[in-house]
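K.L.:
Take a look at this one; I'll ask things after.
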Amino acid sequence: MSAASVSKVVVVFSGGQDSTTCLIQALTQFDEVHGITFDYGQRHREEIEVAKSLAKRLKITSHKVMDVSLLNELAISALTRDAIPVSHELMENGLPNTFVPGRNILFLTLAGIYAYQLGAEAIITGVCETDFSGYPDCRHDFVRAMESALVQGMDKKLEIITPLMWLNKAQTWALADKYQQLDLVRHHTLTCYNGIVGDGCGECPACHLRKRGLEDYLQNKAEVMASLDKATETGKPQT
């Protein structure tokens, strides 16, 4: 399915840097942009109110907040248990302790059902394999497998679009700047695992990744923007 044949999309929207950047881009490309936000009792659940505020500010077609508290009961993680401190070290299985097992499986499944009911042709998600937090459900192969499962399971053409898949964090900042929304993304989104809007706590892994990307972009704007254009043109990982 080509982007030209898509007019209505559902954006998996957390209110963070990545999903907000995807939402901003989608508003320039599609006739109807519907956001869906998931409340799973997350540690940083302030992001839900941030998502509501941004949805209104950006005037998207509709915004739905869905209760998926069952995920909190099933998945033990630093993002679902306040008693588990967020760690910079990997667990024995090689994953960060902020990994929520099954989260993107559930989110994309529910977004797919919602897209089916709306008659949307695509789901947009801000997952990224190039410069990510080590989550297996952010990988390209996973997304393609989920897309195939949704298409086969619902007998409907449905594309999962991943605008950030092969971008690093600096390029993601450049993408927001390309649409004249760098300040909005910097100051009004919530990426911090401790629930602090904007630049965040500065200590958690999410804040470190976000800050490093921003500093790289601000120090090398022309170079990063050029690399963004190349990555966007090829749609493939950059070597």
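Just so it is clear, glycine is given a Cβ too, placed from its N, Cα and C backbone atoms.
Here Swiss-Prot flags Phe13, Ser14, Gly15, Gly16, Gln17, Asp18, Ser19, Thr20, Thr21, Cys22, Leu23 as ATP binding site, drawing on sequence analysis. Summarising the annotation, Swiss-Prot assigns Zn(2+) binding site to Cys192, Cys201, Cys204, Cys207.
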K.L.:
Provide the three-state secondary structure of Leu23 (ATP binding site) computed with DSSP.
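P.N.:
Once the DSSP labels are grouped into three classes, Leu23 (ATP binding site) ends up as helix.
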K.L.:
With the ATP site defined by Phe13, Ser14, Gly15, Gly16, Gln17, Asp18, Ser19, Thr20, Thr21, Cys22, Leu23, which remaining residues of that chain have Cβ atoms positioned within 8 Å of the Cβ centroid?
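P.N.:
Everything else in range on the chain: Val11, Ala51, Gly126, Thr189.
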K.L.:
Here are the binding-site residues: Leu23, Cys192, Cys204, Cys207. Which has the lowest count of other Cβ atoms within 10 Å?
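P.N.:
Counting other Cβ atoms within 10 Å of each of the binding-site residues Leu23, Cys192, Cys204, Cys207, the minimum falls on Cys207.
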K.L.:
Out of Phe13, Gly15, Leu23, point to the one nearest Cys207 (Zn(2+) binding site) in space (Cα versus Cα); all of them are binding-site residues in the record.
P.N.:
Gly15
K.L.:
Long-range same-chain neighbours of Ser19 (ATP binding site), Cβ under 8 Å, sequence gap at least 6?
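P.N.:
Counting only residues 6 or more apart in sequence, the Cβ neighbours of Ser19 (ATP binding site) under 8 Å are Val11, Val12, Phe13, Thr125, Gly126.
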K.L.:
Should Cys207 (Zn(2+) binding site) be counted as helix, strand, or coil on the basis of DSSP?
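P.N.:
Once the DSSP labels are grouped into three classes, Cys207 (Zn(2+) binding site) ends up as helix.
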K.L.:
Should Gly15 (ATP binding site) be counted as helix, strand, or coil on the basis of DSSP?
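P.N.:
In the DSSP reduction, Gly15 (ATP binding site) maps to coil.
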K.L.:
C-alpha of Gln17 (ATP binding site) to C-alpha of Cys201 (Zn(2+) binding site): distance in Å?
P.N.:
15
K.L.:
Pick the one among the binding-site residues Phe13, Gly15, Gln17, Thr21, Cys201 whose Cβ has the fewest other Cβ atoms within 10 Å in this structure.
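P.N.:
Minimum Cβ neighbour count within 10 Å, taken over the binding-site residues Phe13, Gly15, Gln17, Thr21, Cys201, occurs at Cys201.
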K.L.:
Quick check: of the binding-site residues listed here (Gly15, Thr21, Leu23), which one has the Cα closest to that of Cys192 (Zn(2+) binding site)?
P.N.:
Gly15
